[in-house]
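Feature annotation from Swiss-Prot assigns domain 'Radical SAM core' to 70-305; the stated evidence is sequence analysis. Residues or ranges marked as [4Fe-4S] cluster binding site by Swiss-Prot on the basis of sequence analysis: Cys88, Cys92, Cys95. Per Swiss-Prot, the feature [2Fe-2S] cluster binding site maps to Cys133, Cys170, Cys230, Arg300; the stated evidence is sequence analysis.
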Amino acid sequence: MVLASSRPPSPTNSPADRQGTLQAWLTGLSQRIIDGDRLTREEALQLAAIEGEENILLLCEAANRIREACCGNVVDLCSIINVKSGNCSENCGFCSQSSHHPDPNSPIYGLKTEAEILEQARAAAAAGAKRFCLVSQGRGPKYHSPKDREFEQILATVRQIIQETNIKPCCALGEVTPEQAQQLKEAGVTRYNHNLEASATYYDKIVSTHTWQDRVDTVKNLKAAGIQACTGGILGMGETWEDRIDLALALRELEVESVPLNLLNPRPGTPLGEQQKLNPYDALKAIAIFRFILPQQIIRYAGGREAVMGELQDLGLKAGINAMLVGHYLTTLGQPPERDQKLLASLGLEGGEAPIPGEYQS
């Protein structure tokens, strides 16, 4: 087998020639990834240097080849519920739930009852979701008492969801100890969302009340307990392409199973409230590069896809995405699940439960 050159094509005089040469390079590079090679940081930076809508679509086409070969055509569908909202102790610059910069329009309430959560779990299952994530504000159970009542209540609710529905419960409760990770595992949690949000070097520009390493430690605790890590980040917070690539490389190093990619939808009153929304083609480029770096991972359209991508949402599913968060988000509205199902059908894709790394067989 002849390996693709690790260098991008040199410019030629004709735009058509340049595009054809770029396409050939991307095809060879994507085949290398399909064959089991790993993209280097230098190669990822070369992909990030691709400019122009037509050329970015060529990059997306190559990333889509990787997705088809390594993951198949099933799009993983999940839904979330904000089980406790507002008055958060952390100062994440993107979040309207923070007590440091509260949004008057962001809801504040205590832990929802088991009955309320079960009702929404059933609704999520009816909408086609295969997983249902219980999300809570706060730094996490790690900083609560060992017999924290709310943590115990969430564990009990997880057990009830398993007993009474066909949907798989996930959690996103913040930082956990190894012991708490084991409790979650024993309750039936098989996947836990805990995002890194940004690269190690950019993180302290977004949050100062805890560290990037704190988040990494929790991901490692979850993995050690046998829980799949649903760990990604947010694009469009002012980070560089190097930051985006370093985030993807960190996720590869941690061997996470699922990677939610949120596209910043700036919230009024937050430190990032005036941040310009990401250009949709930059979002597509980032999605494609993540797929090159993470060929077998579940890469998920998460918050902000409607606000940032608009009528171009379908292109993300042609750029490496193989999962979607359906329904509403934590503090913003999503589009109707029926629209998502129609979108998938129009692309010849099937909603369901996507394979984790190492599971897919063509």
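Each position is counted from 1, following the chain as shown.
Placement of Cβ uses the backbone N, Cα and C atoms for every residue, glycine included.
Note that the structure is predicted; figures quoted are calculated from it, not measured.
Structural mapping of features recorded in Swiss-Prot.
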residue : record                        : CB count, 10 Å
Cys88   : [4Fe-4S] cluster binding site : 23
Cys92   : [4Fe-4S] cluster binding site : 21
Cys95   : [4Fe-4S] cluster binding site : 25
Cys133  : [2Fe-2S] cluster binding site : 25
Cys170  : [2Fe-2S] cluster binding site : 24
Cys230  : [2Fe-2S] cluster binding site : 27
Arg300  : [2Fe-2S] cluster binding site : 24
Study note, to complete from the structure: Among the binding-site residues listed as Cys133, Cys170, Cys230, Arg300, the Cα nearest the Cα of Cys88 ([4Fe-4S] cluster binding site) belongs to Cys133
Study note, to complete from the structure: Surrounding the recorded [2Fe-2S] cluster site, with Cβ no more than 8 Å from the Cβ centroid of Cys133, Cys170, Cys230, Arg300 and those residues left out, we find Cys78, Ile80, Arg131, Ala172, Arg191, Tyr192, Asn193, Ser258, Pro260, Leu325
Point to revise | Predicted model, mean pLDDT over the domain 'Radical SAM core' (70-305) | key: 94
